[in-house]
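Quick look at what Swiss-Prot lists:
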| type | residues | note |
| --- | --- | --- |
| CROSSLNK | LYS680 | NEDD8 cross-link |
| DOMAIN | 666-728 | domain 'Cullin neddylation' |
Amino acid sequence: MPPEAKRIVVKGFDPRKSRQRQETYYVTMIDRLNMALQVVMAGLGLKTGYQELYSGVENLTRADQASRCFNILQHHMSSGIQLLKDSAESFIQLEGTETDTNACTVVVGCWNKWLERVEIVQNIFYYMDKTFLSHHPDYPTIEELSLSLFREKLMAVKNIQIPFLNSLLQSFENLHSSKSTDHAYLQDAMLMLHRTEMYSSVFVPMYLVMLSRFYDTESSQKIQELPLEEYLEYAMSSLEREDAYVEKFDIVRDKKSIRETVQRCLITSHLDTLTKGISQFIEKRDAHSCKLLYALLQFNHETEYLIQPWSDCLVDVGFKLVNDESKDDTLVQELLSFHKFLQVVVDESFLHDETLSYAMRKAFETFINGAKGSQREAPARLIAKYIDYLLRVGEQASGGKPLKEVFSEILDLFRYIASKDIFEAYYKLDIAKRLLLNKSASAQNELMLLDMLKKTCGSQFTHSLEGMFRDVNISKEFTSSFRHSKAAHNLHRDLYVNVLSQAYWPSYPESHIRLPDDMQQDLDCFEKFYLSKQVGKKISWYASLGHCIVKARFPLGNKELSISLFQACVLLQFNNCLGGEGISYQDLKKSTELSDIDLTRTLQSLSCARIRPLVMVPKSKKPSPDTMFYVNEKFTDKLYRVKINQIYLKEERQENSDVQEQVVRDRQFELQASIVRVMKQKEKMKHDDLVQYVINNVKDRGIPLVSDVKTAIEKLLEKEYLEREDNDIYTYVT
């Protein structure tokens, strides 16, 4: 068995006296807490005794005196908030104005004082707060009690709340007006509103009204005073400023409604003015302002309101360009520059907005194909001419920019052109000249562009063009074969002949000329050789396309003249003249057998241009039958080989007319062929359906007029390919 435990006896212990001492301690501690709370709530602070008070609250809480402590605490906090309320109310009434920012300062001051006093209370009553109040739902924590008292006993008082809110809003308005404002007390005020749960229900609605009123007034003034691009800068900076205020003053939860309010005032209210301003930015080539405008509209999903002004602006600018005949020389460069700028705007300023990109493409199609009168076909013609210039000059014409990039930009324009057959006709004429007269700067560039056209338009579009290149290459091989044959041994001079297939090349007028005997013998020799190799074929000579290198001995020096065959034949007539003798116009006409038009043009190029190997006597713009021509004995030039261009009298206008006529004829044939194909397949069709079907079939090469389709139908009716039944129904005749 374990030993018996010893009993300890406390002598003189009296339970009744112990309880009395406890009660005395509780009363004493309660009195001290009352005194301490009274001092704290009066704002006098406690110098010492924190530890004793803290221990006293802990002991009271452990002794189930927490409810008693809470009642004391609640009483003194209520008294304390009453003191602050009376102080604030009396000061605000003394100031006598609701909009004075002092009201906000006073309330924020009360709030900061209250926080300081509550912090002391929390330190003293920490144990009770954490072990009793936090675990009893019927009791608020000290923080909950303090916030509730401040909200209900101070902020709910109308004599304080209304002046405070008006004062706070005035402070924010001063802040927006760039007036001096203490940011720190505004931050304290916002913290107070958040913690007292008055932010959303009381402050935000009034703040939005203030913002609306402020920006409505300011934006209406700014839109009148500032240039539009500066107004956009102002609007964007205002939105960025509001975002900064939202973060700084902890208004993040209402950022969306604040931004929508500001955007409505700055953007939506002036939407018509702003969107129409796009025309100013386009004319000034101001991509930055376009970017600002789009960004501002995008905030409220209002970019759709930019589509029509954007489209109208592009069409207006485009029509000004294409309808101005005086701008023909620079039209393509201006269109390229305009298109490149707009592409930058769409890609960078409008963030690849597909709707605005589509509107841009439709605008280009509208003005490029909708010019007035003779300018209607100008873009197609001038693009072909500009390409010709680039291919003749090379990269020097593009300022050193790779031609592949330039061609790509040109083809972007080319895609908008409806009359691609017009472009093809001019391009075909120009490429023929470059190939036949060896005027192309680079065969590689020619083939590169041809490949790009093929990818853009298809092989049918480039079929004839590819045939032209094949003819030139075959001619090189054939001429080389001729030069190495026995037939070439008796040639009087070096000869190169291009043998062309009529199906691929433009049609040229047959201009007659009587060649010098030795020249004619050389051509006859080549023709005989060619026909011996190509049985069943026939050769037709086009002297107007010929060119020569002629060696000339002038008194001031020997030269080589790069000239046309017509010019060469005229100059060679002067080999028979003795010193100082001349030849009359009439004699030259007789010896060369040139027509008056060709001879006049040739003589003008030799005697009236900048480079003049001949002298006309008497001088005139147009020679008469008696006009005399002499060798220019003072002729000189810094170059040994001198290029003398032919003078084309009104040829460009005539060429344009000829091309137009040829295109019209080709279109009629193409329309008739398309109608026959359609009717052969359908057998019967209504008039309107047939017209629309045919237009859709041929639109890739050019959109025909409805009247042209009707004309083609009438011709097929005359040729009895079609029959017309009642109700405008056509039947195909097999």
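Backbone N, Cα and C define each Cβ position, glycine as well.
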Per-residue pLDDT averaged over the domain 'Cullin neddylation' (666-728), given as an integer: 78
Same-chain residues at least 6 apart in sequence whose Cβ lies under 8 Å from LYS680 (NEDD8 cross-link): TYR732
Helix-strand-coil residue split for the domain 'Cullin neddylation' (666-728), DSSP-based: 45 helix, 7 strand, 11 coil
